[in-house]
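Asker: Before anything else, here's the structure in question.
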Amino acid sequence: MALVSVRDYEKRAHEIIPRNALDYYRSGAGDELSLHLNRTGFDRLRIRPRMLQGGSTRDLSCTVFGQRFSMPIAISPTAMQRMAHPDGEVANAKAAATRQVLFTLSTISTSSIEQVAEATPNAPKWFQLYIYRDRQLTEELVRRAERAGFRAIVLTVDAPLFGLRRADMRNKFSLPPHLSMANFVGKAASIRSQGGSGINEYIAEQLDPTLSWDDVKWLLGFTKLPVIVKGILTREDAIIAADLGVQGIFVSNHGARQLDSVPASIEALPEIVAAVGGRVEIFLDGGITQGTDVFKALALGARMVFFGRPALWGLAVNGQAGVEHVLNILRNELDLTMALAGCKTLADITKEYVVHENHYSKL
């Protein structure tokens, strides 16, 4: 069967990835209500297309922090990608580089900061950061990312502990023995189950559960890179972050893997844009599977849209080429959506193009 959509790649990847890794990648927290909302949140939005706008081509390019990208679609940080394919994060980053889009490397990756940088020396990359109990270790991660040419630090703020991930508990999740936490070789390099979920046990031992806004101030105080806080879902937190001086806010519910019953990222986006959209860059991830999703997020105020799982599905199916094809699919779908909706540039995609389904029930 030809692979013509992200869903096609997802189905094929589910047949390839070993169960221990697959459940880690695809599962959500608790009863997975929020995981479901990440998808249905987009489904409840309607596009209002405009006709006869003229123009035979679209410009999908965008600029963020002075860097030009081919489209407003980028790759989110996802952990331990060598479980999906032997080339892991390196293949994912190289795919992003060939398509001139942004790649974000996870702290808990199976390819190191330096390996990814060496494989993509001139490509724009961001580094996702967890704050460890050992602040010296945390600062050294940032310094390594700076030296390796990463362009921003994405601080995850919604994970002082990891969420209730029942699939990992049932599987007693462990990182396969031939893989390691590449950024911590000789230190906290192993994720092995001690009876429950190995990843939750690792996080409980290594990360600082007392994470606070003071830690955001601390990070802003020593790095010269732009700092983006990832995991914001309320206007209150967005205002605090903007007041502290962060350069970006990632509207995200962590792939619905932290606290169940939180809103979908797309549901939380409008209030955050309204609160601080004129002060900081706003990004979104969670639930993106097709070009219409990207269009809707842009219309509601996101500067750039990120996805994690679709890149993993492409990686599992065909390595770097699989991720490149997934990016091609999403680009072509966004281009077609813009053409049929009557938008020639990203600036044309305004909030008037999208309404909630309830808009039509009131007519």
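Any Cβ shown, glycine's included, is placed from N, Cα and C.
Annotations per TrEMBL:
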ACT_SITE  His254  active site, proton acceptor
BINDING   Tyr24, Arg165, His254, Arg257  glyoxylate binding site
BINDING   Pro77, Thr78, Ala79, Ser106, Gln128, Tyr130, Thr156, Lys230, Ser252, Gly308, Arg309  FMN binding site
DOMAIN    1-359  domain 'FMN hydroxy acid dehydrogenase'
Asker: Hey, which of the binding-site residues Arg257, Arg309 is the loneliest by Cβ count within 10 Å?
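Answerer: Among the binding-site residues Arg257, Arg309, the sparsest Cβ neighbourhood within 10 Å belongs to Arg309.
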Asker: Quick one: which residues besides Tyr24, Arg165, His254, Arg257 have a Cβ within 8 Å of the glyoxylate site's Cβ centroid, in sequence order?
Answerer: Ser27, Gly28, Ala29, Phe162, Gly163, Asp168, Ile199, Gly255, Ala256, Gln258
Asker: Is it possible to get the count of other C-beta atoms within 10 angstroms of the C-beta of Ser252 (FMN binding site)?
Answerer: 27
Asker: Could you check the recorded positions Arg165, His254 and say which one's CB has the fewest neighbouring CB atoms inside 10 Å?
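Answerer: Output over recorded positions Arg165, His254: least Cβ neighbours within 10 Å is Arg165.
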Asker: Rounded to the nearest angstrom, how far is the Cα of His254 (active site, proton acceptor) from the Cα of Thr156 (FMN binding site)?
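Answerer: One finds 9 Å between the Cα atoms of these residues.
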Asker: At the level of the C-alpha atoms, what whole-angstrom distance separates Arg165 (glyoxylate binding site) and His254 (active site, proton acceptor)?
Answerer: 12
Asker: Can you tell me which of the binding-site residues Pro77, Ala79, Gln128 is spatially closest to Tyr24 (glyoxylate binding site)? Compare CA atoms only.
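Answerer: With Cα distances computed to Tyr24 (glyoxylate binding site), the winner among Pro77, Ala79, Gln128 is Ala79.
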Asker: Using Cα coordinates, what distance in whole Å links Arg257 (glyoxylate binding site) and Gln128 (FMN binding site)?
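Answerer: Distance between the two Cα atoms comes out at 16 Å.
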